[in-house]
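*Asks:* Please see the structure below; I have some questions.
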Amino acid sequence: MEKNKRVQMKQLSKKRGDQTIIRNWSAHLHAGEIAIVVGPNGAGKSTITKMLTGELKPDAGDIWVGSAHVSKNPLLYRKQIGYMPDKLNMDISLTCFEFLSYYASLYGKKQSVVTSWLRRVELEPKQSIKKLSKGMTQRLLLARALFTDPSFLILDEPTNGLDQHWLQELKEILTSFQQTGGTIWITTHDESFAQSLEGKTWRLQNGEMISAHEWSCL
Amino acid sequence: MWSVTKQEWKLNTRLPWVYFFLVTYTLFVYFFSSLHADSALGLGLYTNMTGTMMNITIYFLPLFTLMIASFSVTTEKEDGRLNLYFISPAPLCHWIVGKWFGLFGVLGAVILISFSFASIIALFMKIDVTVNNMYLLFFSLSLLAMFLSLGICIGTFVKNRWQALTVSVIVWGFFILLWPMFLMTVLSSFRYQTIVTALEISTFINPVEWLRIFVISNMGGGVIFGAEYTDWITWTEGGTGVIIFILALAGWIILPLLFSSMYLKRRRTYGEK
């Protein structure tokens, strides 16, 4: 892992059945940088995200966050990442507070952190998960990813179900995270949202990650 | 670890099946307690009604426990919650042991409440079954503890609820339904002189079998197994019996959880392929 590079991906390759998700891809991100990966549904964006979280093993290649390698220093690696999944079937019998406080205890965070993040995403602590809309669920998952104080934030399709007001709020939250030196990885099919963010943009297509520059020349 | 236990308790106590199970189990214990009072005198505390109650418990409690435990794990897998745990820095053994304690807490409380209710009602009806019920409570809780571990182990190795259901039924079928046939088939291939030793060893391969022998023997009904077996099951009595019981119970609880932990640890460290 080279110094000053927060996240580094080297020679990543992954196949799923006959489909090549990614072939020999290398990239790095600095502290405070945003990476945006766009592509159509089924292109493999979530697969790459899952490799970054350590859920999926790449066929070849290495991933580091700071000095931690995804499989060689898994504990240190996991402590540095905050992840917002594309979808999660949460237990509907829980309230928003109960849902987050469980994860807070896993990360050794105080319950007061949960309350302040719920306030930030404008959710009531006693609100039942059963009654949350898609957008509200996304906000809850965003709070879950952020309250752990990660240095690398991974968001999979964060705009799903968000209205205009919350798209703007999301951008503000991401900007303030970025300003504190956090690195962000976003996969989305929402191109207008991707264009509204300033960061390194790639398009995932047929196993190739085409950078915004290359893609505009095509 | 306790946060996983607390979460498991919270989630399960909010499910309607727990209360349905509580009512059914209470009625089951009460009916058999009443029938027990009318049954003929048995061997020590062991009567034909105690035997029937044990057999019915053996038929449904292990299957129910296997399904609940394996579904609890596979649901978390299917919903993506297990992956979120994997991504957190929390130790894996906390999840496995926490889940075991959480489920044991809920199901154990149901069984305990059922026996307490049934015994209190029986006492009002002037039926004294307290000592018998204590043995049966102990038997049920021990069965629950072992089959919870097996269920969690099944849940970690399979991919979804359908597979969990299939494997649970197979494991239950093997230990409960097929065991005598399996023993007869396997033991018939042994030399005559080694059959008794093989039978003794094989008893510990089936969690239901050794527990049943231990409880029946301690209730004073050991003779029902026959002369040769009775000579052998003297291990169930006294201090040695208690030590063997603790070791066997601990083995059947810890080993499946250990296998689960090893398998999930590998998956968590290296990721899915």
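All positions are counted from 1 along the displayed chain.
Every residue, even glycine, has its Cβ placed from backbone N, Cα and C.
Take a look at what TrEMBL says about it:
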{"type": "TRANSMEM", "residues": "B:15-33", "note": "transmembrane segment"}
{"type": "TRANSMEM", "residues": "B:53-73", "note": "transmembrane segment"}
{"type": "TRANSMEM", "residues": "B:80-97", "note": "transmembrane segment"}
{"type": "TRANSMEM", "residues": "B:103-124", "note": "transmembrane segment"}
{"type": "TRANSMEM", "residues": "B:136-158", "note": "transmembrane segment"}
{"type": "TRANSMEM", "residues": "B:170-190", "note": "transmembrane segment"}
{"type": "TRANSMEM", "residues": "B:210-230", "note": "transmembrane segment"}
{"type": "TRANSMEM", "residues": "B:242-264", "note": "transmembrane segment"}
*Asks:* Quick test of the contact rule: Cβ under 8 Å, at least six residues beyond the ends. What residues does that give for the transmembrane segment (B:210-230)?
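*Replies:* For the transmembrane segment (B:210-230), the far contacts come to 42-46, 50-51, 54, 58, 132, 135, 138-139, 142-143, 146, 196, 203-204, 236-237, 241, 245, 248-249.
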*Asks:* Residue list, the transmembrane segment (B:103-124) vs rest of chain: Cβ under 8 Å, 6 or more residues beyond ends.
*Replies:* 5, 8-9, 12-13, 18, 21-22, 25-26, 28-30, 33-34, 37, 65, 68-69, 72, 130, 133, 136-137, 140-141, 144-145, 148, 152
*Asks:* Among B:15-33, B:53-73, B:136-158, B:242-264, which stretch has the most Cβ pairs under 8 Å to the transmembrane segment (B:170-190)?
*Replies:* B:53-73
*Asks:* Restricting to the same chain and to residues at least six past its boundaries, which positions have a Cβ under 8 Å from a Cβ of the transmembrane segment (B:136-158)?
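*Replies:* Residues 29, 50, 53-54, 57-58, 61-62, 65-74, 77, 96, 99-100, 103-104, 107-108, 111-112, 115, 164, 167-168, 171, 207-208, 211-212, 215, 249, 252-257, 259-260, 263-264.
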*Asks:* Within the same chain, where does the transmembrane segment (B:15-33) have neighbours whose Cβ lies under 8 angstroms from its own Cβ atoms, ignoring anything closer than 6 residues to its ends? I mean 6 or more beyond.
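*Replies:* Residues 49, 52-53, 56, 64, 106-107, 110-111, 113-115, 117-119, 121-122, 127, 129, 132-133, 136 contact the transmembrane segment (B:15-33) from elsewhere in the chain.
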*Asks:* Quick test of the contact rule: Cβ under 8 Å, at least six residues beyond the ends. What residues does that give for the transmembrane segment (B:242-264)?
*Replies:* 92-93, 95-97, 100, 142, 145-146, 148-150, 152-153, 155-157, 204, 207, 210-211, 214, 235-236
